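Trainee: The annotation disulfide bond is assigned in Swiss-Prot to C12-C63, C16-C36, C22-C46, C26-C48. Annotation source Swiss-Prot lists domain 'LCN-type CS-alpha/beta' at 2-64.
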Amino acid sequence: GRDAYIAQNYNCVYHCFRDDYCNGLCTENGADSGYCYLAGKYGHACWCINLPDDKPIRIPGKCHRR
């Protein structure tokens with residue numbers, strides 16, 4: 001696993017305000033835990049700890065939300 005911003009489709013982060021939202025999102029996806037990283041590179045976004053390698057993470061480049 002890896003520590004990273006979990007990504008939605010099209011390389012977009014999950015925006016957040018509360019740690020419990022991110023912890024739930026991350027653990028549902030197999031991570032050990034997660035929290036809301038405030039005022040980071042992508043604003044307030046969910047950061048996961050030990051997220052499985054098969055789950056999408058935010059990579060450099062644009063968020064292509066449709």
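From the backbone N, Cα and C atoms, a Cβ is placed for every residue, glycine too.
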Trainee: Can you tell me the CA-to-CA distance separating C46 (disulfide bond) and C26 (disulfide bond), as a whole number of Å?
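Mentor: That separation, Cα to Cα, works out to 8 Å.
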Trainee: What same-chain residues, at least 6 away in sequence, bring their CB to under 8 Å of the CB of C36 (disulfide bond)?
Mentor: C16, F17, R18, D19, Y21, C22, H44, A45, C46, W47
Trainee: Within 10 angstroms of the C-beta of C12 (disulfide bond), what count of other C-beta atoms is obtained when all protein chains are considered?
Mentor: 17
Trainee: What are the sequence-distant neighbours of C26 (disulfide bond), meaning same chain, six or more residues apart, C-beta distance under 8 angstroms?
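Mentor: For C26 (disulfide bond), the qualifying residues are I6, D32, S33, G34, C46, C48, I49, L51.
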Trainee: Taking the disulfide-bonded residues one at a time (C16, C63), which has its Cβ surrounded by the most other Cβ atoms within 10 Å?
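Mentor: Highest number of other Cβ atoms within 10 Å: C16.
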Trainee: Work out the three-state DSSP category of C26 (disulfide bond).
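Mentor: Helix, per DSSP.
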Trainee: Using DSSP, tally how many residues of the domain 'LCN-type CS-alpha/beta' (2-64) sit in helix, strand and coil.
Mentor: 13 helix, 26 strand, 24 coil
